[in-house]
Amino acid sequence: MPIPAPHGGKLQDLVIRDSSIRSDLFKEIADKKYKTLTLSPRQLCDLELILNGGFSPLTGFLNEEDYNSVVHDMRLSSVKNEKNGKGLLWSMPITLDVGQEFAGKLSKGEKIVLKDLRDEKPLALLTVETVYKPNKQTEAEKVFRGDPEHPAIKYLFETAQEFYVGGSIQGLDYPTHYDYIPFRKTPTELREEFSKLGWDQQKVVAFQTRNPMHRAHRELTVRAANDLGSDGHILIHPVVGLTKPGDIDHHTRVRVYQQILKKYPDGLATLSLLPLAMRMGGDREAMWHSLIRMNYGVDHFIVGRDHAGPGSNSKGVDFYGPYDAQELLAKYKDELEPKIKVVPFRMVTYLPDEDRYAPIDTIDTSKVNTANISGTELRQRLRDGTEIPGWFSYPEVVKVLRESNPPRSKQGFAIVIDSSDSKQGEYLSFALQSTLNQFSGERRITKLSSEQATPFIVNELVKSGSGVIVPTKSNQSDIIKAVGSGNSIIVNFNGEQNADQGIFSLKEDLTSVIGEIVEYLVSQGFYQQS
């Protein structure tokens, strides 16, 4: 089947390329001294997809009327569906949040220069249509179901500012990327690639992921393509913008995707990266992802169990049901098809007795041996340096993961000393450095002064595999937050002690405390027992 038309019928491409118009715009910016707004990481991701058409039919950040319509009805008020006369489907509010002081200086029709936070490069001009204060509680409840622990709701109340600015965009340039350029394709570029590959009259199923891929993912995507017939193909389309806090970094993941791409039959799959800021919005996010893939020229989209869900809250309650996303998309099937069809994710499992994968819904697990490795177990195996079996993942993928997730024996750590007694703290630092340097291995032991020990510097040293000794008076908690509690040891003077959690007190003599710290480092795998 031919490449589907974009959502709304027109693929937006808002970057102005005419040299004379661009010259006039930059002169206008210089002459009129427009207000400037430096974008946050999420706003930057959103702007890129507005500019390149990934968010078609949007031509800017939502004005108040469109925002309210999306929040309450999952539809745009300004763009109509030609078939039913209703607002066009759009499930996620794309908003530009600003502070009260900045908002108070804006007026309708005014232009704002939007800048990249990394290099201050002007990316776009926004013409103000509306400046409004959203009801964040309503947004939280309608869009994300209201649980205050939901990461998008935490962002809404803890990070997003009080006012939203809606308006249309004139694009000056895309944000600059320096990594994986061949894989960063815009919707226009990806559609052109499909034509070059001869896929423009065939079927393409997109696979969305924010995690590394293993053998099971390769198996399920190949099955999805085969189910489409002899003309089925696969787009591996991972998110490399903002994902869930704690996810594996995109550099590691892209290296994994490059390796696993080689494991597909020739001509079956291609890889492109999506600079999306995920909201982890479950069913609404699945709808959003489907519309985005339509704009990228895909006609089938795999929607998995708990698609784009953030898991469960601190009480163990899931934010979304396992099939909420599939059910919502089925409800709007008539408006999505024939442009894009949802392919329900068929979970596969390994059958060790037969050395093959099979869809779990086709076997009787009470009669057949199955094997699987959970994400938690995989992380533990990486941390311990234990074997990851070949039936689970490819050696090339495991190698990439081990490079980015070394075992504890090669990881760095920080010993954070509460140096309220500066002389004793300095002496303990010296004693620890001397003690730890006597052990064999590649790990360097670095002692920083309180002035040198910013959270960023300590974390960078720990990430490089160093042991860092940090006497500090004020920013102890910030350093531990940056490094992570699993790689931190705390030493305080006359305070609490919990050796099992890496917290030590100098109530005892210095030699005993150093011995306990060394014992703890050995027990956690940072050093091998001699």
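Cβ atoms are placed via backbone N, Cα and C, with glycine included.
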Given that Swiss-Prot records Q208, R210 as binding sulfate, the matching residue among A124, A140, A277, A308 is A308
In DSSP terms, the region 'Required for oligomerization' (411-530) comprises 53 helix, 24 strand, 43 coil
Among T209, N211, H214, A308, i.e. the recorded positions, the one with its Cα nearest that of V348 (ATP binding site) is H214
Note: in the chain of G304 (ATP binding site), residues six or more apart in sequence with C-beta under 8 angstroms of its C-beta are A325, F345
Between the recorded positions Q208, T209, N211, the one whose Cβ has the fewest other Cβ atoms within 10 Å is N211
Near sulfate: residues not in Q208, R210, A308 with Cβ within 8 Å of the site Cβ centroid are T209, V239, T243, M278, E285, H289, H307
Here the mean pLDDT of the region 'Required for oligomerization' (411-530) is 83
If you rank the binding-site residues A308, V348 by how many other Cβ atoms lie within 10 Å of their Cβ, the lowest count goes to V348
One should report the C-alpha separation between A308 (sulfate binding site) and T209 (active site), rounded to whole angstrom, as 9
